[in-house]
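Heads up, the thing below is written out as C-alpha cells.
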Amino acid sequence: MFPICWAVVEGENTNSWCWFVQALAEDLTLVDGRGWTIISDQQKGLVEAIHTILPDAEHRKCARHVYANWKAKNKTDRVRKLFWFAVYACNEVHWNRATAELEAIEKSGDGSTPYTDFMAAEPRRFCHAFLRCYSKCDSVESNVCETWNGCIVKYRGLRIVDMLEGIRQYMMDRVVLKSEMFAKCTDTLPPRIRKRVEREKEEARLCVAKQTLNARCEVKKGGEGFIVDVTECTCSCGYWQLSGIPCCHAVSAISHLRREVDDYVNSYYHVYMASFAYNYGIPCLDGRQAWPASEGIPVHPPKTRSMPGRPKKKRRRSANEVEETRAQRNGVGEEVTRRGNLIHCSKCGGEGHNARSCKARPVAEVVVERREQGNIQSGPPAAQESGQNTRRKRAIHCSKCQSSTHNARTYPLNRGNGVQDVILNVADRRTIERELRIATSGVGVYVNERTGNQYVRLNGAAGRPVRGPQPTVVDLHGSQPPPSQP
C-alpha cells in the first residue's frame, strides 16, 4: 500500500468523484489515462468520472464485491467454486470451461441463473483472462482500500483539521518505517514476493520441460501443455505476463535452461524500486501557531446529516467477510462473543444463539409437562413409549445433579418464580450412592433438602475413622441401597 492523495468531500456522488479524479489526473499528468490501471469498489459516480476524465485507463472491478451481490441468488458450493475459477483463470480456455459449467447448471432447470448473473456483471473487468498486462498486477480485489480504511479508522471520528493532521503524521511515520525496512533488506526481492516465487518453485517440481530453439520450451504439467518463451517473458497460461512473476511453467523452463529465476521477475517487484519509492517523505510543518491566515471567503463545514442510531466507527463489512472472519477465529461459522467464546442460550442451553432468537421451548415448560405426565425418561418419544434407551443405548445421567431426566447441557435452573425446575428421581442409583457417602460421615439423622431422602447412622463417631465393621445406615424413605453399598 502506497497512498498518494486523499480528500474530504461532502458525499459520495458524481460531482465529488469528478473533482477528485480531475485533480489526480492533473497532479500525476495522467492525460487520458493510457497505461494506468484503476481498481475500485462499486462507488456511486466513480465509473462515470473515470470514463469521462480517463477514457483510456483500465478500470477493474473488485471481484469480492461482485461476488457478494452474485451469491445472493447462487449459494451452492459448486457455483461458488466455478465463480472463483473463472475469475482467476488467466487464459480464455480455462475461462470458457468454467462458464460452460455455469451455463450447464443454469440449463439443468433448478431455478438458479448463475451464468446470466455472471455475464451481467461484466466479467471482462474483473477476470484475469481479459485484463491488460502492462500494469504487471494481477489483483482483482480492493484489499488495499480496505487496508487504508483500517489504518485511518481512529482518525475518522475527529474534526476535519485534527483528522487531516493525524493522517499526515501517520504517513510520515509509515514512510520512515518502510524506508528503514527496505534499507535493511539483503535480498533482491521483498519478503512477500519471495514467498510467491518459492511457491512457484514448489509447483515447478510437477512440470516437465523440453527445450526448442531460441529459448523456447514446451512444458507439461499433468495432462496440460504450455509454451514458454523465456526471452519474451511469456507463457501460454497467461500468468507470467499478467503478474510479472514467473509461473511454475516458466520456472521449470528457466531452470531447464540453467538460469536464475530472480532475474526474470519484473523490476517493479525488486527491492531497489521499493527503496526508490520511499526516498521521498512527507515534509514537516510548523504548529498551528505558525499557520498563515487564510484569505478570501471563509470556508464553512458542510451541513451534517443526522443518521439514525449510534455513530459507527468501524468500517462496514460485507456479509461474506463477517462470516469468513468468524470462521477463521473460531473454526466454526456460528455466532460468537467479543472474547471469541461461543454464545450459550439461557432458554434451552444450546450453542450458537441467544434467548432472543431461540425457537425452542423453555426447559421449565418441558420439565413441568413431563412431571404432569409422569414421564421421567429421556430420549425421543418413540424410545419412551417402547421403554428403550436413547441413541447411545444407555440411560442419560446429568453430570451436575446425577438425575436421569436430563443432561448437563439442558440442566434446568430455579428461575426465581417460586417453581423449582429440577426434578430428581429419589430412587436414582447415583443419587442414593452420593447421599449414603455423606450419611456415613456423621451421627444421627441426615436429610437431603433437595430430594427429601432421610438416613440414620446407628454406630460410629463423627469425624473419626471407623475401624472394624463399617457403620450401618438405615434408609428411612424406603428405597433399597445399591448392592455396592455395605
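Note: Cβ is positioned from N, Cα and C throughout, glycine not excepted.
TrEMBL annotations: computationally assigned, not manually curated.
These come from TrEMBL:
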COMPBIAS  318-327  compositional bias 'Basic and acidic residues'
DOMAIN    226-258  domain 'SWIM-type'
DOMAIN    345-359  domain 'CCHC-type'
REGION    295-335  region 'Disordered'
REGION    371-393  region 'Disordered'
REGION    461-486  region 'Disordered'
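Secondary structure counts, DSSP: the domain 'CCHC-type' (345-359) has 0 helix, 1 strand, 14 coil.
Summarising model confidence by region, the domain 'SWIM-type' (226-258) averages a pLDDT of 93. The helix, strand and coil residue counts that DSSP assigns across the domain 'SWIM-type' (226-258) are 14 helix, 6 strand, 13 coil.
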